[in-house]
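Participant: Mind having a look at this structure? Questions to follow.
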Amino acid sequence: MLMRKVPGFVPASPWGLRLPQKFLFLLFLSGLVTLCFGALFLLPHSSRLKRLFLAPRTQQPGLEVVAEIAGHAPAREQEPPPNPAPAAPAPGEDDPSSRASPRRRKGGLRRTRPTGPREEATAARGNSIPASRPGDEGVSFRFDFNAFRSRLRHPVLGMRADESQEPQSRVRAQREKVKEMMQFAWQSYKRYAMGKNELRPLTKDGYEGNMFGGLSGATVIDSLDTLYLMELKEEFQEAKAWVEESFHLNVSGEASLFEVNIRYIGGLLSAFYLTGEEVFRIKAIRLGEKLLPAFNTPTGIPKGVVSFKSGSWGWATAGSSSILAEFGSLHLEFLHLTELSGNQVFAEKVRNIRKVLRKIEKPFGLYPNFLSPVSGNWVQHHVSVGGLGDSFYEYLIKSWLMSGKTDMEAKNMYYEALEAIETYLLNVSPGGLTYIAEWRGGILDHKMGHLACFSGGMIALGAEDAKEEKRAHYRELAAQITKTCHESYARSDTKLGPEAFWFNSGREAIATQLSESYYILRPEVVESYMYLWRQTHNPIYREWGWEVVLALEKYCRTEAGFSGIQDVYSSTPSHDNKQQSFFLAETLKYLYLLFSEDDLLSLEDWVFNTEAHPLPVNHSDSSGRAWGRH
Ligand code: DMJ
């Protein structure tokens, strides 16, 4: 309605109020509105009122991720929001959709969130943290551990070759030796550094480092599955008790998303799948939730560093690019986090990463190592199958295998990437050694990092599913690369390999400077021996593995644990005073598997994450049910 101004006339308000009264009324009204909105934003996350006003969270059916894992397109393709949606409510958080489902209520599981670490442990033991999550049909989620175990094709620890028949066999003695090394590494850590991230064997104390955002006990979590499979039962119980009572997640530092994922999440997931102990499942999920803020970038490609500080957006304080090997090595663990929690957010995050990578243009079909999480463009054209790139390729072929060979997208991406690598990076030295060089915008660095030596095992693992005409070729390529990596060990004084080695001016498979001559107990070479052994049963791989055992004993074993060395070309090398957690997770595990029967953690049932933590393959039964679904 148009109000015309009449000079000298003060209009009464529509409610017949005078000016002072009207002013007071408006003042009161604005106060009330401010109060209401203030209250809305100050209320706790779980508040119903807040849910009413803020964007609703969507929960997709648990079966959708199984379909995705099984290689079927999800029913609805979802564009990732610029700032991805928050995680579905954490276990114990109030979720309105749970009220909508009488069937879910009937499940009767308490949804009280423990408030501190001790409560976490207690709740875990008593299974009072919910095993159920809402699906879109209101079907309660429950992970059925027994159903999962019944679908494995082999007993987890194998049929146990009848040891009494060959009590003195060499391979048995070799296996026992590796077990003794693990026991020694664990006991030294326990004695001098229990609860710290890693042991410093020379100074006989612990080391926290700055990769884990305040989380402790990396060595404990990394050791769980190795202790279990070596049947070091007492030691396993010590590790488990520490996780129950002392592994606290209420930390607030900045952590490497990749390292926390592969070591902690991977270690906890494996420990759960091997034992069915709820404490591992619950801690894995809780920790997974703490990683989600890292994905709050415009593209959904996570930054490398996540802040655990509450209320933080999780953006890294350092670095403007994300690293291929880091954001490309989340897929296996995150699908299992969804599997064990029913929370689709984890799977959505890695599905989005895959989508970005699939769409982006690749120079010559190669994947450069750095990507901007803001623009989604490559930052520079450095390509490597070693550090910065390595486990991205590994996770493509392992995603295919973990899906029960149904994730066609991963399979295609893997073989396409491998073809490009072969075309542009693969070389044979004048001395006949096959190696994968590094590529800088078209120029090759004729070097291989120790990290790149995992690729022999990866190519062997992928050979069986390649096109018929390529299979023998990939088997041979895997063997040749593994032989080259062995040469890098054989050409040193210690029979341990350097961090990087070159193929230049007549010098082949050796480091050219002291700064690349160190060995930090890395696993990649014995990892490839293990895969090549399982594929070929050529005794040479056990021989080469045994050479490594002897060298570790001679040069890396100290009075209080194992240590890296600073120069593999010195017969009296100095120690670096660090027993890396991956030595217990990977190096000793792969050596033990090398001297064991093939059905101990059979590759038909398990894939190893890039920290050697076994995660189960998705076998479905005749009705199409998979993993722990029933
Ligand atoms: C481990 O943490 C993992 O294997 C990772 O993929 C690479 N680096 C170390 C071992 O060298």
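Using N, Cα and C of the backbone, Cβ positions are placed for all residues, glycine too.
Not measured: the values here are computed from a predicted model.
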Participant: Which of these links to Cys453 by a disulfide bond in TrEMBL: Cys485, Cys556?
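Facilitator: Between Cys453 and one of Cys485, Cys556, TrEMBL records a disulfide, namely with Cys485.
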Participant: May I ask which residues of the same chain, at least 6 positions away in sequence, place their Cβ under 8 angstroms from the Cβ of Glu524 (active site)?
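Facilitator: Once residues fewer than 6 apart are set aside, Glu524 (active site) is near His450, Leu451, Ala452, Cys453, Phe454, Cys485.
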Participant: Tell me the Cα distance separating Asp390 (active site) from Glu259 (active site, proton donor), rounded to the nearest angstrom.
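Facilitator: The separation of the Cα atoms works out to 14 Å.
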Participant: Using C-alpha atoms only, work out the spacing between Thr610 (Ca(2+) binding site) and Asp390 (active site) and round it to an integer in Å.
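Facilitator: Cα-Cα distance, Thr610 (Ca(2+) binding site) to Asp390 (active site): 9 Å.
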Participant: Using C-alpha atoms only, work out the spacing between Glu499 (active site, proton donor) and Asp390 (active site) and round it to an integer in Å.
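Facilitator: On Cα coordinates alone, these residues lie 14 Å apart.
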Participant: Can you list which of the recorded positions Glu259, Cys453, Cys485, Glu499, Thr610 have their Cβ under 6 Å from some atom of ligand 1?
Facilitator: Thr610
Participant: Across all chains shown, how many C-beta atoms besides its own are within 10 angstroms of the C-beta of Cys453 (disulfide bond)?
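Facilitator: 31, counting other Cβ atoms within 10 Å of Cys453 (disulfide bond).
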Participant: Within 10 Å of its Cβ, which one of these active-site residues (Glu259, Asp390, Glu499) has the largest number of other Cβ atoms?
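Facilitator: Answer by Cβ density within 10 Å: Asp390.
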